[in-house]
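Participant: Grabbed the feature section from Swiss-Prot, which reads as follows:
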type: BINDING; residues: 139, 159, 160, 161, 162, 163, 164; note: S-adenosyl-L-methionine binding site
């Protein structure tokens, strides 16, 4: 996976993402993060990238020119990398099919972080994780000139119904969530498959040593060594937690027949309490 972030604050991206799991994944060559400074593509001698909004109003608007030139630079960089990769593949695998090469010419997705976008969720992360390149555009001030957005953006995405200073923090949230789904990024690949929000359920409670803490004991089933019972308990706890905290997720939850019956019993119990 190659991330390309068009931003006014490239150091913010590099410093934050060069640590922990993401940093180790970059060291392994599993992903790259290129933060491109939009100011570098300003034609103003002071590297200015914003201007007053037509029609008046508070604040400033990011001008279309520097953003579009940054986009062109990123596209050329991606094309160059693909050409180099294609040449390497041709040397190693002469029989590569024409259809595979055509797929590689598809333009990468350009994601603009905005409160007006679709709310980011796990299934969206899974979809984005299938891409070879993802381009992110970070807005600032009162936003970006609509004309350049119309030209380059493929996906409008939000991380929630609130306002942040810029797009950098949402981009880092997205890159973290997406990267966890790339094979090899997590030390235990099963972690990405079975952690919170898998099957549209919240994660079950976790426990570690000591066995007793502040007079609270680890549930006996987790000490039993009976893997089938442990798995059943965990699924039931996930259903209980989801019903309590995020009931809307249950509409698309993947449940077995017995789990659906368990959920129905929980709901009946909740209804009886409210009578």
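Note: Cβ is positioned from N, Cα and C throughout, glycine not excepted.
Give me the local environment of each listed feature.
Facilitator: Cβ neighbours of residue 139 (S-adenosyl-L-methionine binding site) (same chain, under 8 Å, six or more residues apart in sequence): 62, 112, 113, 114, 166, 167.
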Participant: Take the Cβ of residue 160 (S-adenosyl-L-methionine binding site) and count every other Cβ within 10 Å, whichever protein chain it belongs to.
Facilitator: 11
Participant: If I restrict to non-local contacts, at least six residues apart, and a C-beta distance under 8 angstroms, what lies near residue 162 (S-adenosyl-L-methionine binding site) in its own chain?
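Facilitator: When sequence neighbours closer than 6 are ignored, residue 162 (S-adenosyl-L-methionine binding site) has 115 within Cβ distance under 8 Å.
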Participant: By a simple count of other Cβ atoms within 10 Å, which of 159, 163, 164, the binding-site residues in the record, is least packed?
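Facilitator: Counting other Cβ atoms within 10 Å of each of the binding-site residues 159, 163, 164 gives the minimum at 163.
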Participant: What count of other C-beta atoms do you get within 10 angstroms of the C-beta of residue 161 (S-adenosyl-L-methionine binding site), across all chains shown?
Facilitator: 7
